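Among the features that TrEMBL reports, ATP binding site is placed at 121-125, His184, Arg228, 279-283, 308-313. Annotation source TrEMBL lists domain 'Phosphagen kinase N-terminal' at 6-90. Summarising the annotation, TrEMBL assigns domain 'Phosphagen kinase C-terminal' to 118-355.
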Amino acid sequence: MVDAATLEKLEAGYKKLAASDSKSLLKKYLTQEVFDALKTKKTSFGSTLLDCIQSGLENHDSGVGIYAPDAEAYSVFADLFDPIIEDYHKGFKKTDKHPPKNWGDVETLSDVDPTNEYVVSTLVRCGCSMEGYPFNPCLTEAQYAEMQDKVSSTLSGLEGELKGTYYPLKGMTKEVQQKLIDDHFLFKEGDRFLQAANACRFWPTGRGIFHNDAKTFLVWCNEEDHLRLISMQMGGNLKEVFARLVNAVNDIEKRVPFSHHDRLGFLTFCPTNLGTTVRASVHIKLPKLAANLAKLEEVAGKYNLQVRGTRGEHTEAEGGVYDISNKRRMGLTEYEAVKEVHDGIKELIKIEKEM
């Protein structure tokens, strides 16, 4: 049973949210009926509705406002997660099933900008959760430490171009810290949305960063998700970047199994990253198209791409450089998500050249 203090917090938070002018998906779908049906439920990890929605109850300016404290939460609190997932992932209905993992034929991809005129850099990342562990809000300090041991020993087994070094955040020297900040590798402690979701407890225990010697492959351990795998390099060779990520995921997954759901694909802390969890993005300069932002958005939209400022969401395009990435993560394969970016960027460059 859910204890009285939790229920009290839920009731008070829900009243405030209902009376607010919040535009979050949480407010949109947490009706009184859904609230009453879910407020006394718990997962086997002990997670309650409050663990799922406390960030959205505290931050009325959230876009989404809900996180999954453990893998089971997606099933136990499905009456709330399903409509939010459908809305965010553009029509992925509760009767839909995410396709099985498929990295496709990497050879069919190419360098989208072989002359290096437009694309500054390319990045493909994915999030993975380790099987058998809940997500951040339910992890104990001992589990954080145990997970980091598993991750660092797994990563130390990587060979070839993936071979590199793991740096735990705890006890990190100022020199190493500065070096990782200068390389733009180091993540900071979570923002207020993650803080409110209880995702930053015991910081910096169990958190760390790995990068290969060439600094083209990165792993974040226990930042927002258990693992964030990132492959990147300068220029537009999407084929090379994607191939590196695929090799790394396949290698790591052999040693550390990932949480997977028959219907939702790979499971992540935030429902916006479910499914493939893949985000492929390029930093690109398109001065002529950028002068007509509506046209840029229209072409990008045809390929389900998102146009953002240089440093991501809610930022400006510095020096005319845009961050363009795939919007869709659910209902398509990993390969298809990356192929949308590949084809969309080629089309944008073609239009830019013709203008």
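Note: Cβ is positioned from N, Cα and C throughout, glycine not excepted.
Whatever TrEMBL says is automated annotation, not expert-curated.
Known features from TrEMBL, placed on the structure.
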{"residue": "Ser121", "record": "ATP binding site", "Cβ within 10 Å": "16"}
{"residue": "Val124", "record": "ATP binding site", "Cβ within 10 Å": "26"}
{"residue": "Arg228", "record": "ATP binding site", "Cβ within 10 Å": "22"}
{"residue": "Ser281", "record": "ATP binding site", "Cβ within 10 Å": "22"}
{"residue": "Arg308", "record": "ATP binding site", "Cβ within 10 Å": "15"}
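In terms of DSSP secondary structure, the domain 'Phosphagen kinase N-terminal' (6-90) contains 51 helix, 2 strand, 32 coil.
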